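These features come from Swiss-Prot:
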- 8, 19, 199, 220, 221: 3-amino-2-oxopropyl phosphate binding site (BINDING)
- 10, 11, 46, 51, 104: 1-deoxy-D-xylulose 5-phosphate binding site (BINDING)
- 44: active site, proton acceptor (ACT_SITE)
- 74: active site, proton acceptor (ACT_SITE)
- 155: site 'Transition state stabilizer' (SITE)
- 198: active site, proton donor (ACT_SITE)
């Protein structure tokens with residue numbers, strides 16, 4: 001199975017908004033990312049509009065449509081966001097948990113607890129052809145609940161693994177990676193497409209990319225940060241090279 005790279009450009013907007021300016025433009029970063037080999041663009045329109053704006057979603061949708069690449073619209077499970085997505089008609093909609101006081105998304109959706117609300121949002125989004133993904137922890141019960149909710153895709157939260165690996169907590173990182181592998185296998189077995197993301201950098205990407213059922217990685221903050229030093233195309237090229245190396249090694253082991 002080939003492995004796609006979705007580039008999240010939220011933090012280009014973070015830099016823009018730090019000065020209340022009109023630049024740097026997220027759409028320009030998105031275009032550079034696609035030229036550099038990204039398979040799609042991810043953008044999270046948060047309820048507080050702390051980075052990506054409604055206007056950004058409009059121009060990103062137009063760019064991705066013109067280039068024949070998917071826009072993955074990350075969003076909270078609210079009537080407002082569902083309405084915006086229904087109007088934008090993105091290729092994909094990824095439902096994520098959201099709390100105003102958090103710095104970034106801190107965990108996965110509780111699909112079991114929010115089953116009706118999530119299922120209703122999923123059904124509405126699918127009426128306009130959006131491929132619905134649910135951002136979750138690699139928990140078997142949550143994965144099964146995604147099927148019940150009508151999702152086509154799960155995105156497994158890799159943040160805890162990446163944090164443990166960077167902290168040198170090897171045993172904890174290996175335990176979380178084991179859960180990610182089991183979760184990906186179960187989701188695939190249940191007919192769900194499997195994505196993964198959050199906190200991935202050059203040091204942590206290969207073990208995640210080596211999970212054979214994963215079809216897509218969504219990476220943003222690290223790539224935008226690395227782009228400050230080496231440029232966005234080079235940052236993407238190196239990430240893709242590591243992803244591809246992990247898949248080649250997987251084939252050799254098989």
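For all residues, glycine too, the Cβ spot is worked out from N, Cα and C.
Across the residues the record lists as binding 3-amino-2-oxopropyl phosphate (8, 19, 199, 220, 221), the two Cα atoms farthest apart are 25 Å from each other. Comparing the binding-site residues 11, 46, 51, 221 on other C-beta atoms within 10 angstroms of each C-beta gives the minimum for 221. When the recorded positions 10, 74, 155 are compared by the number of other C-beta atoms lying within 10 angstroms of their own C-beta, 10 comes out lowest. Each residue contributes its Cα atom, and for residue 10 (1-deoxy-D-xylulose 5-phosphate binding site) and residue 220 (3-amino-2-oxopropyl phosphate binding site) these two points are 7 Å apart.
The highest number of surrounding Cβ atoms within 10 Å, among the recorded positions 19, 44, is found at 44. The local packing around residue 199 (3-amino-2-oxopropyl phosphate binding site), expressed as other Cβ atoms within 10 Å of its Cβ over all shown chains, amounts to 20.
When the recorded positions 19, 74, 155, 198, 199 are screened for a Cα within 10 A of the Cα of residue 11 (1-deoxy-D-xylulose 5-phosphate binding site), none qualifies. Secondary structure at the residue listed as 'active site, proton donor', taken from DSSP and collapsed to helix, strand or coil, is coil.
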